[in-house]
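Residues annotated as domain 'G-protein coupled receptors family 1 profile' in TrEMBL: 30-259. Annotation comment: TrEMBL describes 14-38, 50-70, 85-105, 126-146, 158-181, 202-225 as transmembrane segment.
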């Protein structure tokens, strides 16, 4: 039997286990709720940005479910870790990362070249992009499990370095340019009822990108330094006690909440249909 991540013999240890359990629950509930809200609303599920959002909801749901195991029990899901899931659990988190980057690039294309975007990126093509990301992610997991530990470590370090470069280009470069373009377009529009929601969407772009960088940069920096440095890095006992691994899971709960907060149709579907229906069912 797999032991707990920390002994249940002190207030601090109990608080850590309860926090990880609560985090997993929040991730599961918010992502399932958002996914159902999009699926039952035709106007949402046919938009490209919500197709990306549905994909992140599915992968983040897997992240939440797997955190009940990684965050509560003594698990180190690394190349030579103990009680490992062979990267399957951690891969859900990586999938969300890839899809969020693709969604940000998609939004940039939609704002910069709206006419070309409407012709090129149909919902079916967006679904194809998402499917390709899922295939790539699990092909990567299969490769890590088929090679030696040393080779898997090199693949992981190189992949992390490349992802960091892509993150800087997309989340910093493209989003700053996107913010400036959208701000310029808004400044040219006369005051109207549609102007304020667009301004809110503009601020949402910056908040989502900022939170993404805030929660993901520490763990990526740590992995790169440890894999390329000659000195030995400090290794946490397991995933449940590693704050650098917990931060991206917090982002899995925060990102859908930010999308709901910044998108009125999604908020109406979530509060007016999904949660209202659940509340009515519980009162019967």
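Including glycine, each Cβ sits where the backbone N, Cα and C put it.
Automatic, uncurated: that is what TrEMBL annotation is.
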Contacting positions for the transmembrane segment (14-38) when only residues 6+ beyond its ends and CB under 8 Å are counted: 4-6, 8, 44-45, 50, 53-54, 56-58, 60-61, 63-65, 67-68, 71-72, 240-241, 246, 249-250, 252-253, 256-257, 259-260, 266, 269-270, 273-275
Per Cβ pairs under 8 Å, the stretch of 85-105, 158-181, 202-225 packing most closely against the transmembrane segment (126-146): 85-105
Intrachain neighbours beyond the transmembrane segment (158-181), with Cβ under 8 angstroms and 6 or more residues off its ends: 97, 101, 104-105, 107-108, 111-112, 140, 202, 205-206, 209, 212-213, 216, 220-221, 223-224, 227-228
